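Engineer: This is the feature table in Swiss-Prot:
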| type | residues | note |
| --- | --- | --- |
| BINDING | Glu60, Glu90, His93, Glu174 | Fe cation 1 binding site |
| BINDING | Glu90, Glu142, Glu174, His177 | Fe cation 2 binding site |
Amino acid sequence: MRHYTGIDQLINSFDQALRSLVPGATAAQRQNPAETVEAKLGVEDARHVAGLMRVNHSGEVCAQALYHGQALTAKLPNVRREMQQAAIEEQDHLAWCEDRLKELNSHTSLLNPIWYGLSYGMGALAGIAGDKYSLGFVAETERQVSLHLQDHLNQLPAQDERSRKILEQMNEDELHHRHTALEAGGVELPYAVKITMTAISKLMTKTSYYL
């Protein structure tokens, strides 16, 4: 088994960041859930949906960064593998959201590099704190992401089945990741940590909708 040096890990981290931040750099491994449905939207509806999907894309950028940061500092090999596998599955979400934004003639958030950097640091710190807290961080993150997705599903125009199919599959995956993290030994995070996570999430949501 190959031993990765600090330089190897640094190069890998840089590669992961580029794949998460550069449009078109990530390809989905699973079929896009929206491929079998159509959606015709008016100008205002399309603009609103683009804002929602931009927020969801930024959320997936954050998820990638969290998992990458946690995988870097996780102590147990099985936990590290869990983080790496979750990141791979989240890549599908990243690609699906980006595809939908292209269909809507819109763009990903200009603030994504900031969200990636913040989330990567938070993930690495969670890993340093210990695997049970790292897994707890995953569980809480996925819980909050699921709440956002459910809210966005309620905001979608009734005729937008393409976005709906994508968000429904994403929500199913997020809940599965949360369950897996808890089953692996994740613990509930301190209240102050959860409040901080919520505040950062709200800031990301409000800004990425427009930028």
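Glycine is treated like the rest: Cβ placed from N, Cα and C.
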Engineer: Using the CB centroid of Glu90, Glu142, Glu174, His177 as the Fe cation 2 site centre, which other residues of the same chain sit with their CB within 8 A?
Structural biologist: Ala63, Ala86, Glu89, Val138, Thr141, Val145, Ser146, Asp173, Leu175, His176, Arg178
Engineer: Could you tell me which of these binding-site residues, His93, His177, has the fewest other Cβ atoms within 10 Å of its Cβ?
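Structural biologist: So among His93, His177, the binding-site residues given, the one with the fewest Cβ atoms within 10 Å is His177.
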Engineer: From the binding-site residues Glu60, Glu90, His93, pick the residue whose C-alpha lies nearest to the C-alpha of His177 (Fe cation 2 binding site).
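Structural biologist: Minimum Cα distance from His177 (Fe cation 2 binding site) across Glu60, Glu90, His93 lands on Glu90.
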Engineer: In the same chain, outside Glu60, Glu90, His93, Glu174, whose C-beta lies within 8 angstroms of the Cβ mean position for the Fe cation 1 site?
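Structural biologist: Near the Fe cation 1 site, beyond Glu60, Glu90, His93, Glu174, sit Gly59, Ala63, Gln64, Glu89, Asp92, Leu94, Val145, Met170, Asp173.
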Engineer: Reduced to three states, what secondary structure does DSSP give Glu90 (Fe cation 1 binding site)?
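Structural biologist: The three-state answer is helix.
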Engineer: Here's one to test understanding: among the binding-site residues Glu90, His93, Glu174, whose C-alpha is closest in space to the C-alpha of Glu142 (Fe cation 2 binding site)?
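Structural biologist: Nearest by Cα distance to Glu142 (Fe cation 2 binding site): Glu174.
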Engineer: Provide the number of Cβ atoms within 10 Å of the Cβ of Glu174 (Fe cation 1 binding site), excluding the reference atom itself.
Structural biologist: 26
